[in-house]
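S.K.: Got these off Swiss-Prot a minute ago, pasting:
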type	residues	note
BINDING	Tyr32, Tyr152, Gln156, Asp159, Gln174	L-tyrosine binding site
BINDING	Ser211	ATP binding site
MOTIF	37-45	motif ''HIGH' region'
MOTIF	208-212	motif ''KMSKS' region'
Amino acid sequence: MDPYELVTRNTVEVVTDEELRALIDRPVRRVYTGYEPSGEIHLGHMVTVNKLMDLQQAGFEVTVLIADLHAFLNRKGTMEEIRETAEYNRRCFEGLGLRGANYVLGSDVQLTPEYELAVLELSQAITLNRAKRSMDEVGRQMDNPTVSQMVYPIMQMVDIATLGVDAAVGGIDQRKIHMLAREHLPSIGYPAPVCIHTPIINGLDGKKMSSSAGNVISVADSEEDIKKKMKKAFCPPEVENNPVLEILRYHVFPRAGAVAIRRPEKFGGDREFAAYEDLERAYAAGEIHPLDLKNAAAAHLIDILAPVHDYVCSR
């Protein structure tokens, strides 16, 4: 797979395609994603982790910002608690295969005079309404936001400038913040970043993924947990908004390269699929039972997540 195909597979959009193609031709190219420290790293996080691994393979230098100050502004705990979680998150990302990346703790770069001045400069240009809309898009609808929450998206923009990256990766819910960065960073002397957006996948029940809703698979889940959760997963006959197919498309195929459906001969015997599109067609045609699809997804996820358990526990 050529670098462009690697970078763009399983993405929703690239802003802009022309800029990305030009960037790929450069000898040095840098990309980043920021993660607010989370006590539970799950399949939602893994979508962008997978994309960063694609970018590494395509020759990009990858920076991962563990945004401890962002988490503090978003009331996720004390700084001590958040930093402990941040270290756990870093180990999880490395266990998932994202090694050789430059891991940066937000507070190590976000408390300098230069950073703060850039935040203040951008705050003069961005209205409260636009800042609030960008936060609403990432799932933080706020009827009565604090000033700190309005600073959040501006800091995210300055992160791009401070880290010296050429491109930013995020879920499609980050689009409004990224578009603000493209619009305003040139006004303070920084280039507009290429923006690579990945899909937001559904929770196991077909609804919005949320740790609090219990509809996620975490990297810390045991084999039994994964099997139980997959067995209960929503798996309609349709391919649209099917969380089991999404797991296979965005997690299993990029890592395993192929998927095996194991079943007794009386139910059609084993089948191998080298491409997601072939599996989707077979499922849509009724050639694969939902339970067989769930079992295949569970087996592959167990294989994918096993190294995470080993890596995190060994440190």
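Placed from the backbone N, Cα and C atoms, the Cβ positions cover glycine too.
A description of the local structural setting of each listed feature is requested, covering burial, neighbours and distances.
M.R.: With a 10 A radius on its CB, Tyr152 (L-tyrosine binding site) counts 22 other CB atoms from all the protein chains. Tyr152 (L-tyrosine binding site) falls within a helix when secondary structure is assigned with DSSP.
Long-range neighbours of Ser211 (ATP binding site) (same chain, six or more residues apart, CB within less than 8 Å of its CB): Ser38, Gly39, Glu40, His42, Ser218.
In terms of DSSP helix, strand and coil, the motif ''HIGH' region' (37-45) has 3 helix, 1 strand, 5 coil.
According to DSSP, the motif ''KMSKS' region' (208-212) comprises 0 helix, 1 strand, 4 coil.
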S.K.: Note the mean pLDDT of the motif ''KMSKS' region' (208-212), expressed as a whole number.
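M.R.: Mean model confidence (pLDDT) across the motif ''KMSKS' region' (208-212) is 86.
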S.K.: What count of other C-beta atoms do you get within 10 angstroms of the C-beta of Gln156 (L-tyrosine binding site), across all chains shown?
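M.R.: There are 23 of them.
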S.K.: Would you mind listing, in sequence order, the residues at least six apart from Asp159 (L-tyrosine binding site) in the same chain with a Cβ closer than 8 Å to its Cβ?
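M.R.: When sequence neighbours closer than 6 are ignored, Asp159 (L-tyrosine binding site) has Tyr32, Gly34, Leu65, Ala67, Gly106, Val109, Gln110 within Cβ distance under 8 Å.
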S.K.: Any idea of the Cα spread of the L-tyrosine site, Tyr32, Tyr152, Gln156, Asp159, Gln174, as a max distance in Å?
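M.R.: Largest pairwise Cα separation, rounded: 17 Å.
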S.K.: Do any residues of this chain, six or more beyond the ends of the motif ''HIGH' region' (37-45), have a C-beta under 8 angstroms from a C-beta of it, and if so which?
M.R.: 66-68, 71, 76, 82-83, 85-86, 88-89, 92-93, 96, 171, 200-201, 209, 211, 216-220, 247, 251
